[in-house]
Amino acid sequence: MGKEKNHVNVVVIGHVDSGKSTTTGHLIYKCGGIDKRTIEKFEKEAAELGKGSFKYAWVLDKLKAERERGITIDIALWKFETPKYYVTVIDAPGHRDFIKNMITGTSQADCAILIIAAGTGEFEAGISKDGQTREHALLAFTLGVRQLIVAINKMDTTKWSEQRFEIVKETSNFVKKVGYNPKSIAFVPISGWHGDNMLEESTNMGWFKGWTKETKAGVSKGKTLLDAIDAIEPPSRPTDKPLRLPLQDVYKIGGIGTVPVGRVETGTIKAGMVVTFAPANVTTEVKSVEMHHEQLEAGMPGDNVGFNVKNVSVKDIRRGNVCGDTKCDPPKEAASFVAQVIVLNHPGQIGNGYCPVLDCHTAHIACKFDTLQQKIDRRTGKALEEAPKFVKSGDACLVKMVPSKAMCVEPFADYPPLGRFAVRDMRQTVAVGVIKSVEKTDGKAGKVTKAAVKPVPRSSYAR
């Protein structure tokens, strides 16, 4: 056995009919963990329903009911392998929920794959000014996804035309406007359906000499989409940062006690550590840490862990609280925070006093837009107008926000997963935000359990 491969997360974005699901499905089919029998079953069912051409997209369908409707909605986490990586695909079909999932979702994508359909009319629709594609790409960029791969799909429908591949020039301008550097992007012509340039070089596009991208890490070259995924720069996982673990749930387990559960976002959690929960302001000792019912030496970023804490009742802490190391930049309640907010789809105008619900990590809390400080250019961040009266769809602004209940958030620059949020209103995501700074407070006097203030470990004077 060689060394374990690194994990990378990719998000697949693009216009609704660009072929996202088919392309993603094809990769999972060929490199993923789906067995032959399931695939054959899919093919048979698809043929019976007269949807033979959907068979790859079907790999992404878990729910029978969705199959009959002929569209994919389910956000599915799917995995496949490249020579270098284990890849998790965060499929992104349904637009509204996709946005929320991308922000509060379990994982920050390391790279976005933008799928553009080459068909005449399709391409133009995909990158038009108000297209979903622009929204998705902007969102990925705003949320800190800095690596991008562009796949020009459906080349089979253009008779594999080299001339049509020239749309990469327009696509290149398009991604540049969003904020990406086209030099650092692999542009690959593919057919997600036929499989050309997906895993193997296409025989239909002899004119394509391969892609090249240039980043700080150097120049890389390749022919296929798989090569491009393999050339993603490995993400640095934030183990060296202080611990931040947003709680998903808190359980009471007979004979063991209180067990909070959540995903380690930064740092590590170990037995014996003294931790603080914010904004509850509870401090105690971690007795043990486990994952998938096995004891763990240490929980690392990305691990979903359960841990047992001493003398804390399930009433003291709850979902949305954040656990951190008491001795190392412990988390605190946010009295207010300043965020860069992009309004995506709000039917009216947003002014001071607007109070929607924010979804940030596992917290779900109403926050007031206290003061609109500046309207800014969403690409450069430059100020366009000071103290605007209101903002509307398409605008970006700096806003001072005040939570209606105790809440723990962090600046995006310090702890990314705790520094991005979705603004929900009218059952949809109306805006997204990235936190610039936080005014912290110690909140109410907290509970410190006896376990947290042990003077000396017993072993040291039991000699």
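Glycine is no exception: its Cβ is also placed from the backbone N, Cα and C atoms.
Feature annotations, courtesy of Swiss-Prot:
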BINDING   14-21, 91-95, 153-156  GTP binding site
MOD_RES   Gly2  N,N,N-trimethylglycine
MOD_RES   Lys3  N6-methyllysine
MOD_RES   Lys3  N6,N6-dimethyllysine
MOD_RES   Lys30  N6-methyllysine
MOD_RES   Lys79  N6,N6,N6-trimethyllysine
MOD_RES   Lys315  N6-methyllysine
MOD_RES   Lys315  N6,N6-dimethyllysine
MOD_RES   Lys389  N6-methyllysine
REGION    14-21  region 'G1'
REGION    70-74  region 'G2'
REGION    153-156  region 'G4'
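Features recorded in Swiss-Prot, as mapped to the structure shown.
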residue : record                   : DSSP class
Gly14   : GTP binding site         : strand
Lys20   : GTP binding site         : helix
Lys30   : N6-methyllysine          : helix
Lys79   : N6,N6,N6-trimethyllysine : strand
Met155  : GTP binding site         : helix
Lys315  : N6-methyllysine          : coil
Lys389  : N6-methyllysine          : coil
Point to revise | Met155 (GTP binding site) and Lys315 (N6-methyllysine), distance between Cα atoms, whole Å | key: 58
Review point. Given the binding-site residues Gly14, Asp17, Lys20, Met155, which one's Cα is the least distant from that of Lys389 (N6-methyllysine)?
Key: Gly14
Practice item. Quick one: of Lys20, Lys30, Lys79, Lys315, which of the recorded positions has the smallest count of other CB atoms within 10 A? Key: Lys315
Study note, to complete from the structure: Around the Cβ of Asp17 (GTP binding site), other Cβ atoms found within 10 Å total 12
Study note, to complete from the structure: Lys30 (N6-methyllysine) sits from Gly14 (GTP binding site) (Cα to Cα, rounded, in Å) at a distance of 22
Check your understanding: Cα within 10 Å of Lys30 (N6-methyllysine): which of the binding-site residues Asp17, Lys20, Met155 qualify?
Key -> none
Review point. Within 10 Å of the Cβ of Lys389 (N6-methyllysine), how many other Cβ atoms are there?
Key: 10
Review point. Tell me, what is the mean pLDDT of the region 'G1' (14-21)?
Key: 74
